[in-house]
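Accompanying notes for the structure given below.
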């Protein structure tokens with residue numbers, strides 16, 4: 001599942017996907033920041 005525009009994944013205007021940054025999905029589970037179709041978001 002990919003949830004775009006996860007604010008916690010964006011630091012200083014850049015998506016933190018390359019550093020395997022953790023993030024919280026809307027379901028409450030922990031995911032990892034990712035980029036999909038040019039959007040930064042949280043993915044599990």
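Any Cβ shown, glycine's included, is placed from N, Cα and C.
The 4-carboxyglutamate feature in Swiss-Prot is assigned to 7, 8, 24. The disulfide bond feature in Swiss-Prot is assigned to 9-33, 15-40, 23-42.
All features noted in Swiss-Prot, drawn onto the structure.
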residue: 7; record: 4-carboxyglutamate; DSSP class: helix
residue: 15; record: disulfide bond; DSSP class: strand
residue: 23; record: disulfide bond; DSSP class: strand
residue: 33; record: disulfide bond; DSSP class: strand
residue: 40; record: disulfide bond; DSSP class: strand
Disulfide-bonded residues listed as 15, 42, least Cβ neighbours within 10 Å: 15
Euclidean distance between Cα atoms of residue 24 (4-carboxyglutamate) and residue 15 (disulfide bond), Å: 15
Neighbouring recorded positions, C-alpha within 10 angstroms of residue 24 (4-carboxyglutamate) - of 8, 33, 40: 8, 33
Distant-in-sequence Cβ neighbours of residue 8 (4-carboxyglutamate), under 8 Å, six or more positions away: 21, 23, 24, 33, 42
Position of peak Cβ density within 10 Å, selected from the disulfide-bonded residues 9, 23, 33, 40: 9
